[in-house]
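Q: The domain 'ABC transmembrane type-1' annotation in TrEMBL covers B:21-210. As annotated by TrEMBL, transmembrane segment applies to B:20-48, B:55-75, B:87-109, B:151-171, B:191-213.
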């Protein structure tokens, strides 16, 4: 049984249908990447998984249990198991780094502050940000903020980490520090679903790549097969433009 | 001008003026604090509540902001007894001012709700925070920081212009005390010169207090001087 199974999901923004039946599976400890042109619905898939965009058809199963996105309690349960990191980091501007990381575990999960803070410092160390624990987001570079955002998501102890174009808003020289953090997580066996335009990185860390276009999965498979020998015309065209 | 200022009359009754100033400060702080709570609930409703509730809040704000505070307090003091509700003059001023401040603060705080970054709210939501938690931890600190100057200005308005309305129904706040005292010996000019200066000192102290509070609680880098 796959850890996360996405079956034929549909989603709309108002009257506009953006996902026309997306399906893929993620096994425990696996890194799966969604790639494809802008507007293909990759980010929407992640948003739908955490209940920010309503799923209007199909099903999502975690460990075989279907998530009913119409029920607030089920959405909350889904958010307990999946944490998302956004392209624009979305840190809480009015709190320092440590508080950003500890807020949800203390206030949502009701855990003891001292214990959570010790854990938070470990996570900040993991992403190389422990020296900035007392800094505020507006005092940090984009890459630093994104690494804090990753630590903040991990503090919720998710089973699956969703990464939504986490390097797209960064200056080129800051990209690597974030990718290194993700690489380290992959090495530790974290299950991840990532949307990215960093093709060489995707190829390196992913066990499976899902190529999407216009709200549909065009093809999916191991990275080497998808990148080197795509079977569809659309994928050949896309990779022909981005891989060089 | 051959008016002969006799400030010694004022100094003889200065204790009474100080008492008035103290009451003015209390009325202002209470009305502003409770008004902020009303405003916070009102603004939250305008952003998140279903339509009928939003209409009610709008109606409250329109009604209050388009009628003079004096008339509202008159209504509480002279109108409610007709319905068997009798409040003291101080209670009427306090409640009237609080409702008045609540309506204005609803609109001031609304600006803060509208300017909060939706992305932060989404992040909070995906982390499992409930709406009240998101308001408490994301919106309120944002409001406190971004519209702190507007809030501080409005506090001064309540403190000076709001509370002095109480004099009309016999509340012995600073203006009321000055009227009481000067009707005894007709030293209006002396009393009101001193009282004006006392208001200046009061607002000055209040401004410093607010700036320090903002700096300490919300990282607002307000300049005091």
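The backbone N, Cα and C atoms fix where each Cβ goes, glycine too.
Could you tell me the structural context for the features on the list?
A: A Cβ distance under 8 Å defines the sequence-distant neighbours of the transmembrane segment (B:55-75), meaning residues of its chain 6+ beyond its ends; these are 42, 45-46, 49, 92-93, 96-97, 99-100, 102-104, 106-107, 162, 165-166, 168-169.
Long-range Cβ contacts of the transmembrane segment (B:87-109) within its own chain (Cβ-Cβ under 8 Å, at least 6 residues beyond either end) map to 27, 30-32, 34-40, 42-43, 46, 57, 60-61, 63-65, 69, 72-73, 76-77, 80, 143, 147, 150-151, 154, 158, 162-163, 165-166, 169-171, 173.
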Q: Excluding the flanking five residues on each side, which residues at least 6 beyond the ends of the transmembrane segment (B:20-48) place their CB within less than 8 Å of a CB in that stretch?
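A: Distal contacts: 54, 56-58, 60-61, 90, 93-94, 97-110, 112-114, 131, 135, 139-140, 151, 154-155, 158-159, 162-164, 166, 171-178, 198, 202, 206.
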Q: Within the same chain, where does the transmembrane segment (B:151-171) have neighbours whose Cβ lies under 8 angstroms from its own Cβ atoms, ignoring anything closer than 6 residues to its ends? I mean 6 or more beyond.
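A: Non-local partners: 23-25, 27-29, 31-32, 35-36, 69-70, 73-74, 77, 89-90, 92-93, 96-97, 100-101, 104-105, 108, 144, 179, 199, 202-203, 206-207, 210-211, 214, 222.
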Q: Determine which residues of the chain contact the transmembrane segment (B:191-213) at the Cβ level, with the cut-off under 8 Å and only residues 6 or more beyond its ends counted.
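A: Result: 7, 10, 14, 17, 21, 24-25, 28, 152, 155-156, 159-160, 174-175, 178, 181-182, 220, 222-224.
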